[in-house]
Amino acid sequence: MSSRNYRLDRAKGVLIFMVVLGHILTAASAWEPDTLRALQVIIYSFHMPAFVFLAGITAKSDRLLPRTLFFLVLLATAMPMYYGWMSLLGLNPDFDFLVPYWLTWFLMSMVWWMLSVPFIERFPRAMLMISVVAGLVGGALPMADYELSISRTMVFWPFFVVGKVYGSRILHWAGSRSPRQIAGLVAAALTTTLVFYLYDVNKEWFYGSRNFDWFDVTVPEGLGMRAAVALGAGLSTVALLAATSQKKGYLATVGRHSLAVYLLHGFVVRLLEL
(Lines of atoms letter the chains of each structure in order from A; the text may use other names.)
(Lines give C-alpha, C1' and ligand atoms only; values in the text may rest on other atoms or scores of the structure.)
Protein backbone atom coordinates (compact mmCIF):
# COMPACT_ATOMS: atom_id res chain seq x y z
CA MET A 1 0.00 0.00 0.00
CA SER A 2 1.40 3.39 -1.00
CA SER A 3 2.37 5.73 1.81
CA ARG A 4 2.44 8.75 -0.49
CA ASN A 5 0.71 11.82 0.90
CA TYR A 6 -1.76 12.77 -1.81
CA ARG A 7 -2.93 15.80 0.16
CA LEU A 8 0.52 17.30 -0.42
CA ASP A 9 0.40 16.41 -4.13
CA ARG A 10 -3.10 17.83 -4.55
CA ALA A 11 -2.12 21.02 -2.74
CA LYS A 12 0.78 21.39 -5.17
CA GLY A 13 -1.67 20.83 -8.02
CA VAL A 14 -3.91 23.64 -6.78
CA LEU A 15 -0.94 25.93 -6.23
CA ILE A 16 0.62 25.38 -9.65
CA PHE A 17 -2.78 26.15 -11.21
CA MET A 18 -2.78 29.39 -9.21
CA VAL A 19 0.76 30.19 -10.39
CA VAL A 20 -0.18 29.73 -14.04
CA LEU A 21 -3.44 31.64 -13.67
CA GLY A 22 -1.73 34.44 -11.76
CA HIS A 23 0.94 34.90 -14.41
CA ILE A 24 -1.64 34.86 -17.21
CA LEU A 25 -3.79 37.43 -15.42
CA THR A 26 -0.78 39.64 -14.74
CA ALA A 27 0.34 39.44 -18.38
CA ALA A 28 -3.18 40.24 -19.59
CA SER A 29 -4.39 42.82 -17.10
CA ALA A 30 -1.45 44.20 -15.07
CA TRP A 31 -3.56 43.97 -11.88
CA GLU A 32 -6.54 45.77 -13.41
CA PRO A 33 -9.58 45.95 -13.29
CA ASP A 34 -10.61 45.58 -9.65
CA THR A 35 -12.36 42.24 -10.11
CA LEU A 36 -9.21 40.65 -11.51
CA ARG A 37 -7.06 42.42 -8.93
CA ALA A 38 -9.09 40.77 -6.16
CA LEU A 39 -8.36 37.34 -7.63
CA GLN A 40 -4.69 38.21 -8.04
CA VAL A 41 -4.45 39.32 -4.40
CA ILE A 42 -5.87 35.96 -3.33
CA ILE A 43 -3.33 34.13 -5.50
CA TYR A 44 -0.19 36.15 -4.87
CA SER A 45 -0.74 36.66 -1.16
CA PHE A 46 0.16 33.04 -0.42
CA HIS A 47 0.83 30.76 -3.37
CA MET A 48 4.64 30.94 -3.29
CA PRO A 49 4.97 30.84 0.53
CA ALA A 50 2.76 27.74 0.39
CA PHE A 51 4.96 26.16 -2.29
CA VAL A 52 8.06 26.89 -0.22
CA PHE A 53 6.40 25.36 2.86
CA LEU A 54 5.66 22.16 0.92
CA ALA A 55 9.24 22.11 -0.41
CA GLY A 56 10.46 22.20 3.18
CA ILE A 57 8.39 19.13 4.04
CA THR A 58 10.13 17.00 1.44
CA ALA A 59 13.66 18.41 1.91
CA LYS A 60 16.20 15.99 3.39
CA SER A 61 19.93 16.19 3.96
CA ASP A 62 20.66 12.58 2.92
CA ARG A 63 20.53 13.64 -0.74
CA LEU A 64 21.76 17.17 -0.21
CA LEU A 65 24.45 17.31 -2.89
CA PRO A 66 22.47 15.77 -5.79
CA ARG A 67 19.37 17.80 -4.94
CA THR A 68 21.33 21.04 -4.71
CA LEU A 69 23.12 20.29 -7.97
CA PHE A 70 19.76 19.45 -9.54
CA PHE A 71 18.45 22.95 -8.86
CA LEU A 72 21.72 24.55 -9.97
CA VAL A 73 21.67 22.65 -13.26
CA LEU A 74 18.02 23.58 -13.79
CA LEU A 75 18.87 27.23 -13.13
CA ALA A 76 21.85 27.16 -15.50
CA THR A 77 19.67 25.54 -18.16
CA ALA A 78 16.45 27.52 -17.73
CA MET A 79 17.98 31.01 -17.71
CA PRO A 80 19.64 30.79 -21.16
CA MET A 81 16.51 29.12 -22.55
CA TYR A 82 14.31 31.95 -21.29
CA TYR A 83 16.70 34.62 -22.58
CA GLY A 84 16.87 32.84 -25.94
CA TRP A 85 13.08 32.63 -26.10
CA MET A 86 12.71 36.29 -25.20
CA SER A 87 15.23 37.28 -27.87
CA LEU A 88 13.41 35.13 -30.41
CA LEU A 89 10.20 36.99 -29.56
CA GLY A 90 11.98 40.30 -30.03
CA LEU A 91 11.67 41.32 -26.38
CA ASN A 92 15.43 41.95 -25.94
CA PRO A 93 15.95 40.94 -22.30
CA ASP A 94 18.95 42.20 -20.32
CA PHE A 95 21.06 39.21 -19.33
CA ASP A 96 22.54 39.25 -15.84
CA PHE A 97 23.84 35.97 -14.44
CA LEU A 98 23.61 37.32 -10.88
CA VAL A 99 19.91 38.11 -11.25
CA PRO A 100 17.79 34.98 -11.82
CA TYR A 101 15.36 35.75 -14.62
CA TRP A 102 11.70 36.03 -13.58
CA LEU A 103 10.40 32.72 -12.20
CA THR A 104 13.87 31.13 -12.10
CA TRP A 105 14.38 32.93 -8.79
CA PHE A 106 12.76 29.88 -7.15
CA LEU A 107 15.58 27.63 -8.36
CA MET A 108 18.23 29.96 -6.94
CA SER A 109 16.40 30.20 -3.64
CA MET A 110 16.01 26.42 -3.47
CA VAL A 111 19.79 26.13 -3.65
CA TRP A 112 20.17 28.43 -0.63
CA TRP A 113 17.39 26.69 1.29
CA MET A 114 18.75 23.22 0.57
CA LEU A 115 22.14 24.28 1.90
CA SER A 116 20.44 25.20 5.17
CA VAL A 117 18.78 21.79 5.61
CA PRO A 118 21.59 20.13 7.64
CA PHE A 119 21.54 23.05 10.07
CA ILE A 120 17.74 22.92 10.32
CA GLU A 121 17.91 19.21 11.14
CA ARG A 122 20.61 19.77 13.75
CA PHE A 123 19.24 22.96 15.33
CA PRO A 124 15.54 23.13 14.37
CA ARG A 125 14.31 25.70 16.88
CA ALA A 126 17.34 27.95 16.58
CA MET A 127 17.13 27.88 12.78
CA LEU A 128 13.43 28.68 12.93
CA MET A 129 14.17 31.77 15.00
CA ILE A 130 17.03 32.78 12.71
CA SER A 131 14.86 32.35 9.61
CA VAL A 132 12.06 34.45 11.08
CA VAL A 133 14.50 37.23 11.96
CA ALA A 134 16.02 37.05 8.46
CA GLY A 135 12.58 37.08 6.84
CA LEU A 136 11.49 40.16 8.75
CA VAL A 137 14.67 42.18 9.20
CA GLY A 138 16.25 41.28 5.85
CA GLY A 139 14.22 44.00 4.17
CA ALA A 140 16.26 46.61 6.03
CA LEU A 141 19.43 45.49 4.24
CA PRO A 142 20.35 47.57 1.16
CA MET A 143 21.47 44.54 -0.85
CA ALA A 144 18.22 42.62 -0.25
CA ASP A 145 16.85 42.75 -3.78
CA TYR A 146 16.82 40.65 -6.95
CA GLU A 147 20.54 39.81 -6.98
CA LEU A 148 21.05 36.08 -6.33
CA SER A 149 17.42 36.04 -5.17
CA ILE A 150 18.62 37.22 -1.76
CA SER A 151 15.45 39.05 -0.78
CA ARG A 152 13.03 36.27 -1.66
CA THR A 153 15.32 33.69 -0.10
CA MET A 154 15.17 35.51 3.23
CA VAL A 155 11.48 36.48 3.05
CA PHE A 156 10.25 32.96 2.29
CA TRP A 157 12.88 31.05 4.29
CA PRO A 158 10.68 30.80 7.43
CA PHE A 159 8.08 28.89 5.41
CA PHE A 160 10.74 26.42 4.30
CA VAL A 161 11.97 25.93 7.86
CA VAL A 162 8.45 25.55 9.26
CA GLY A 163 7.72 23.01 6.53
CA LYS A 164 10.88 21.09 7.34
CA VAL A 165 10.39 21.11 11.12
CA TYR A 166 6.63 21.05 11.58
CA GLY A 167 5.22 20.35 8.11
CA SER A 168 4.18 16.73 8.64
CA ARG A 169 2.35 17.60 11.85
CA ILE A 170 0.64 20.56 10.20
CA LEU A 171 -0.45 18.35 7.29
CA HIS A 172 -1.91 15.81 9.72
CA TRP A 173 -3.65 18.50 11.76
CA ALA A 174 -5.11 20.19 8.69
CA GLY A 175 -6.30 16.87 7.30
CA SER A 176 -8.22 16.01 10.47
CA ARG A 177 -10.36 19.18 10.60
CA SER A 178 -14.15 18.97 10.52
CA PRO A 179 -16.12 20.62 7.68
CA ARG A 180 -17.11 23.44 10.02
CA GLN A 181 -13.49 24.03 11.03
CA ILE A 182 -12.38 23.97 7.40
CA ALA A 183 -15.03 26.55 6.53
CA GLY A 184 -13.80 28.71 9.40
CA LEU A 185 -10.18 28.51 8.23
CA VAL A 186 -11.13 29.37 4.65
CA ALA A 187 -13.29 32.28 5.82
CA ALA A 188 -10.45 33.60 7.99
CA ALA A 189 -7.99 33.33 5.09
CA LEU A 190 -10.34 35.12 2.70
CA THR A 191 -10.92 37.85 5.28
CA THR A 192 -7.17 38.42 5.47
CA THR A 193 -6.85 38.74 1.70
CA LEU A 194 -9.90 41.03 1.68
CA VAL A 195 -8.06 43.37 4.05
CA PHE A 196 -5.03 43.37 1.72
CA TYR A 197 -7.34 44.13 -1.20
CA LEU A 198 -9.32 46.90 0.49
CA TYR A 199 -6.17 48.63 1.73
CA ASP A 200 -4.64 48.29 -1.75
CA VAL A 201 -1.45 46.70 -0.43
CA ASN A 202 1.37 47.07 -2.96
CA LYS A 203 1.71 43.78 -4.84
CA GLU A 204 5.50 43.91 -4.42
CA TRP A 205 5.02 42.99 -0.75
CA PHE A 206 3.65 39.65 -1.91
CA TYR A 207 6.56 39.11 -4.31
CA GLY A 208 9.10 39.44 -1.50
CA SER A 209 11.71 40.80 -3.87
CA ARG A 210 12.15 44.38 -2.61
CA ASN A 211 13.78 45.94 0.42
CA PHE A 212 12.19 48.54 2.66
CA ASP A 213 13.96 51.43 0.93
CA TRP A 214 12.20 50.59 -2.31
CA PHE A 215 8.81 50.92 -0.59
CA ASP A 216 9.92 54.16 1.05
CA VAL A 217 8.84 52.94 4.50
CA THR A 218 10.55 53.03 7.88
CA VAL A 219 12.03 49.85 9.32
CA PRO A 220 9.18 49.44 11.88
CA GLU A 221 6.61 49.91 9.10
CA GLY A 222 8.43 47.40 6.91
CA LEU A 223 8.65 44.87 9.73
CA GLY A 224 4.94 45.23 10.43
CA MET A 225 3.97 44.77 6.80
CA ARG A 226 6.30 41.79 6.34
CA ALA A 227 4.81 40.16 9.45
CA ALA A 228 1.22 40.83 8.34
CA VAL A 229 1.82 39.40 4.86
CA ALA A 230 3.62 36.35 6.31
CA LEU A 231 0.87 35.63 8.82
CA GLY A 232 -1.76 35.97 6.11
CA ALA A 233 0.17 33.58 3.87
CA GLY A 234 0.53 31.08 6.70
CA LEU A 235 -3.18 31.15 7.46
CA SER A 236 -4.10 30.72 3.79
CA THR A 237 -1.65 27.81 3.46
CA VAL A 238 -3.22 25.96 6.39
CA ALA A 239 -6.70 26.67 4.99
CA LEU A 240 -5.69 25.22 1.62
CA LEU A 241 -4.26 22.08 3.22
CA ALA A 242 -7.40 21.62 5.31
CA ALA A 243 -9.64 22.02 2.27
CA THR A 244 -7.57 19.59 0.17
CA SER A 245 -8.47 15.90 0.23
CA GLN A 246 -6.19 12.87 0.41
CA LYS A 247 -7.57 11.36 -2.81
CA LYS A 248 -5.57 10.43 -5.87
CA GLY A 249 -6.52 11.86 -9.23
CA TYR A 250 -5.57 14.34 -11.92
CA LEU A 251 -4.83 17.13 -9.46
CA ALA A 252 -2.37 14.96 -7.54
CA THR A 253 -0.69 13.91 -10.80
CA VAL A 254 -0.24 17.54 -11.82
CA GLY A 255 1.10 18.30 -8.36
CA ARG A 256 3.77 15.62 -8.65
CA HIS A 257 5.02 17.36 -11.80
CA SER A 258 4.51 20.92 -10.56
CA LEU A 259 8.14 21.98 -11.03
CA ALA A 260 8.06 21.04 -14.72
CA VAL A 261 4.77 22.91 -15.17
CA TYR A 262 6.23 25.87 -13.29
CA LEU A 263 9.23 26.17 -15.60
CA LEU A 264 7.49 25.39 -18.89
CA HIS A 265 4.43 27.62 -18.53
CA GLY A 266 6.67 30.69 -18.50
CA PHE A 267 7.38 30.27 -22.21
CA VAL A 268 3.66 30.39 -22.97
CA VAL A 269 3.07 33.40 -20.71
CA ARG A 270 5.83 35.39 -22.41
CA LEU A 271 4.29 34.53 -25.79
CA LEU A 272 0.93 35.86 -24.58
CA GLU A 273 2.54 39.20 -23.77
CA LEU A 274 3.22 39.98 -27.44
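Including glycine, each Cβ sits where the backbone N, Cα and C put it.
Taken from TrEMBL, the feature domain 'Acyltransferase 3' covers 5-273.
According to TrEMBL, the transmembrane segment annotation covers 12-31 (among others).
Taken from TrEMBL, the feature transmembrane segment applies to 37-57 (among others).
The feature transmembrane segment is assigned by TrEMBL to 69-85 (among others).
Taken from TrEMBL, the feature transmembrane segment applies to 97-115 (among others). Under 8 Å from some Cβ of the transmembrane segment (97-115) lie the Cβ atoms of residues 23, 48, 51-52, 55-56, 59, 64, 67-68, 71-72, 74-75, 78-79, 82-83, 146-149, 152-153, 156-157, 160, 209, 262-263, 266, all in the same chain and six or more residues away from its ends.
For 127-144 (among others), the entry in TrEMBL reads transmembrane segment.
Using a Cβ-Cβ cut-off under 8 Å and counting only residues 6 or more beyond its ends in the same chain, the transmembrane segment (156-175) has close neighbours at 5, 7-8, 48-50, 52-57, 59, 109, 112-113, 116-117, 120-121, 124-125, 127-128, 131-132, 134-135, 208, 230, 233-234, 237-238, 241-242, 246. The transmembrane segment annotation in TrEMBL covers 156-175 (among others).
Feature annotation from TrEMBL assigns transmembrane segment to 182-199 (among others).
With a cut-off of 8 Å between Cβ atoms, the residues of this chain six or more beyond the transmembrane segment (223-243) that come close are 7, 11, 14-15, 45-46, 49-50, 53, 135-137, 139, 155, 158-159, 162, 170-171, 174-175, 177, 181-182, 185-186, 188-189, 192-193, 195-196, 201, 205-206, 215, 217. Taken from TrEMBL, the feature transmembrane segment covers 223-243 (among others).
Note on the transmembrane segment (69-85): residues 93, 95, 97, 100-102, 104, 107-108, 110-111, 114, 263, 266-267, 270 of its chain, located 6 or more positions outside it, place their CB under 8 angstroms from a CB of the stretch.
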